[in-house]
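The following features are taken from Swiss-Prot:
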type     : residues         : note
SIGNAL   : 1-21             : signal peptide
DISULFID : C70-C99          : disulfide bond
BINDING  : Y88, N160, Y298  : (1,3-beta-D-glucosyl)n 1 binding site
CARBOHYD : N151             : N-linked glycosylation site
BINDING  : E161, D203, R208 : (1,3-beta-D-glucosyl)n 2 binding site
ACT_SITE : E161             : active site, proton donor
DISULFID : C217-C354        : disulfide bond
DISULFID : C238-C269        : disulfide bond
ACT_SITE : E266             : active site, nucleophile
CARBOHYD : N398             : N-linked glycosylation site
LIPID    : N447             : GPI-anchor amidated asparagine
Amino acid sequence: MMVFSSTFIFLILELVVLCEASVHTIQIKDKHFVDTVTGKPFFIKGVDYQPGGSSDVSEKQDPLSNPDACARDILLFQELGINTVRIYSINPDLNHDACMTMLAMAGIYLILDVNSPLQNQHLNRYEPWTTYNEVYLEHVFKVVEQFSHYNNTLGFFAGNEIVNDKRSAQYSPAYVKELIGTMKNYISAHSPRTIPVGYSAADDLNYRVSLSEYLECKDDDKPENSVDFYGVNSYQWCGQQTMQTSGYDTLVDAYRSYSKPVFFSEFGCNKVLPRQFQEIGYLFSEEMYSVFCGGLVYEFSQEDNNYGLVEYQEDDSVQLLADFEKLKSHYQNIEFPSMKTLKETVQMEETPSCAEDYENLKIESKIAKNLGSSLIKKGVKVEKGKYIDIHEDQLSTNVTILDKHGDRWNGPKKIEIRQSLTLADLEGEEQEDADEDKDDLKRKHRNSASISGPLLPLGLCLLFFTFSLFF
């Protein structure tokens with residue numbers, strides 16, 4: 001009787017494990033990102049990814065709409081050793097389930113910009129009042145609605161370099177801050193969990209710090225307008241430099257008292273080729289990790305601006321460039337600090353109240369009140385993202401991959417499964433649709449998911465072993 005009882009309990013525990021989600025969500029705790037299950041700090045070690053440039057987004061395609069292209073590139077992401085990609089533009093009217101599932105299985109998270117170059121899908125930095133309307137907000141909300149249902153969506157960027165010169169600094173700041181709050185209100189009303197909203201700043205010392213302080217500050221009337229994280233686009237470390245000659249020491253000091261997570265949303269100067277990426281060793285060292293939460297190298301694919309890690313050839317093959325190998329050698333040797341270490345080194349700060357003015361910025365603006373409130377109340381119509389059952393063949397690529405010398409690359413041609421998706425991952429969205437009253441429960445469930453990929457096969461084996469005791 002005792003054997004039966006213990007075996008029965010074990011069987012129940014295994015079934016519970018199989019029904020819990022495997023893809024851990026990432027949330028913000030103090031000034032860093034944290035894995036909600038393990039409690040370990042999450043440092044961004046990634047690349048910016050927009051094959052063909054932002055102009056390649058259309059009604060028919062975007063970077064996450066082609067599963068074959070995703071399989072080809074995600075296995076190369078794994079070869080680099082990254083854990084995050086940033087994508088600048090997508091079309092929410094396309095299906096992204098296969099590519100997001102592949103990223104999740106590969107253990108890779110997404111930071112997604114909500115704007116696109118298509119009409120009515122971005123802010124006019126010089127005349128934002130002409131574009132900040134309900135048509136634009138509907139596009140933004142559709143992006144948020146769709147991607148908030150993937151556990152590996154790490155965060156959203158409300159804008160990229162919208163403020164980048166004297167003229168835009170006079171007109172755009174207030175609209176960016178308003179957009180951040182409006183997005184957060186929509187997430188609070190409709191998303192299954194809280195997903196942070198940030199901004200990616202231009203590499204311009206005239207505005208970078210003052211804009212960060214303005215977007216950070218808390219207005220008593222609209223506390224939700226405070227940014228959740230801040231991205232810095234920086235290209236000041238070129239070739240062989242030091243913290244002092246590159247100006248990184250000044251950069252770190254500028255954000256030392258910032259109350260939100262800060263990271264490089266773009267980095268990797270290309271004035272010296274091949275790029276050495278020497279700054280990565282410092283970025284994840286004690287000199288910087290108390291202030292910066294990692295970064296994203298610009299960029300994965302070779303475009304006209306010559307920052308690529310790989311180059312797509314006319315015959316559909318892909319060639320790894322010298323920068324790819326350099327970045328790989330640095331990323332694969334990174335060790336993240338522990339939470340204990342961070343607590344000993346990170347200076348915690350309170351979010352400041354808003355000041356009356358900020359250097360080089362004009363923050364007064366007459367933005368229409370309650371714009372988007374009706375959309376927030378009723379929600380937008382878009383296909384909600386969900387993980388799908390991916391066949392093993394879909395994780396492989398038949399594309400010819402060449403090394404930097406033009407010879408056939410002898411690396412893997414298949415995505416390595418690092419997170420096996422469970423029934424909860426694959427069916428969670430259907431359950432949410434069936435019972436909207438369980439939203440609060442779902443939020444708790446997603447934030448308390450506990451099984452990681454390698455444990456799932458073990459759980460299955462133990463489950464079958466348990467059954468064998470009876471038959």
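Any Cβ shown, glycine's included, is placed from N, Cα and C.
Projection of Swiss-Prot feature records onto the structure.
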residue : record                                : contacts (Cβ under 8 Å, 6+ apart)
C70     : disulfide bond                        : L64, A98, C99, M102, L103
E161    : (1,3-beta-D-glucosyl)n 2 binding site : S200, A201, A202, N233
D203    : (1,3-beta-D-glucosyl)n 2 binding site : V232, N233, S234, Y235, Q236, E266
C217    : disulfide bond                        : S226, T351, P352, S353, C354, A355
C238    : disulfide bond                        : S246, C269, K271, V272
Y298    : (1,3-beta-D-glucosyl)n 1 binding site : V47, D48, N233, Y235, E266, F267, G268, Y307
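Per Cα geometry, Y88 is the residue among the recorded positions Y88, N160, N398 nearest to N151 (N-linked glycosylation site).
Counting other C-beta atoms within 10 Å of each candidate's C-beta, the disulfide-bonded residues C99, C269, C354 are led by C99. Among the residues the record lists as binding (1,3-beta-D-glucosyl)n 2, namely E161, D203, R208, the two farthest apart have Cα atoms separated by 10 Å. Counting only the Cα atoms, the space from R208 ((1,3-beta-D-glucosyl)n 2 binding site) to N160 ((1,3-beta-D-glucosyl)n 1 binding site) is about 12 angstrom. C99 (disulfide bond) falls within a helix when secondary structure is assigned with DSSP. When other Cβ atoms within 10 Å of the Cβ of R208 ((1,3-beta-D-glucosyl)n 2 binding site) are tallied across all protein chains shown, the result is 19. Shown are the recorded positions N151, N160, N398; of these, the residue with the fewest other Cβ atoms within 10 Å is N398. Cα to Cα, Y88 ((1,3-beta-D-glucosyl)n 1 binding site) and N398 (N-linked glycosylation site) are separated by 27 Å. Each residue in N164, A201, A202, D204, Y207, V232, N233, S234 lies on the same chain as E161, D203, R208 and has a C-beta within 8 Å of the C-beta centroid of that (1,3-beta-D-glucosyl)n 2 site, without being one of the site residues. Those residues noted as binding (1,3-beta-D-glucosyl)n 1 (Y88, N160, Y298) have their most widely separated CA atoms at a distance of 13 Å. DSSP classifies D203 ((1,3-beta-D-glucosyl)n 2 binding site) as coil under the three-state reduction. In the three-state DSSP classification, R208 ((1,3-beta-D-glucosyl)n 2 binding site) falls within a helix.
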